[in-house]
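Some features that TrEMBL has for this protein:
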- 1-175: domain 'Major facilitator superfamily (MFS) profile' (DOMAIN)
- 7-28: transmembrane segment (TRANSMEM)
- 34-57: transmembrane segment (TRANSMEM)
- 69-87: transmembrane segment (TRANSMEM)
- 93-115: transmembrane segment (TRANSMEM)
- 127-147: transmembrane segment (TRANSMEM)
- 153-172: transmembrane segment (TRANSMEM)
């Protein structure tokens, strides 16, 4: 049951991930006047950051523990949403994507490791985690598209920020 509660505490983050990644290229193009090449390079920046820091993040988590790093990743994701909602030029998106890549690396290393730490039935527990991730990606793109279309991209990003904070509170209480 502890694994289920922990995974459900990450559901708001997974929903906002679905919102963010499905709508972000449109937002960057329309609102920030970026070319397709810029959009691609932004996503490359985040992925490259994640690739560079993942091993170090894993080593740190073995020393200080996973829970605090999971919370830190949620804080960083919240900042990513908030910062994206206030920028007016795509050039500022590059440092935000560095933060995003670091946040994903931190969560991607630590959430599964934490689940493995607290579970005896690791395979089943990873299945619960993956189910929550996919449910977030079922809900997120639809919700993000609705919010962006009817209320604007910036409001969608601010709503994502609020959802992440809600999930952060749940994670702190659970972990």
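Using the three backbone atoms N, Cα and C, a Cβ is placed for every residue, glycine included.
When Cβ-Cβ distances below 8 Å are used as the criterion, the transmembrane segment (34-57) is approached by residues 25, 28, 69, 90, 93-94, 97-98, 100-102, 104-106, 108-110 of the same chain, each at least six residues removed from its ends. The domain 'Major facilitator superfamily (MFS) profile' (1-175) scores a mean pLDDT of 96 in the predicted structure.
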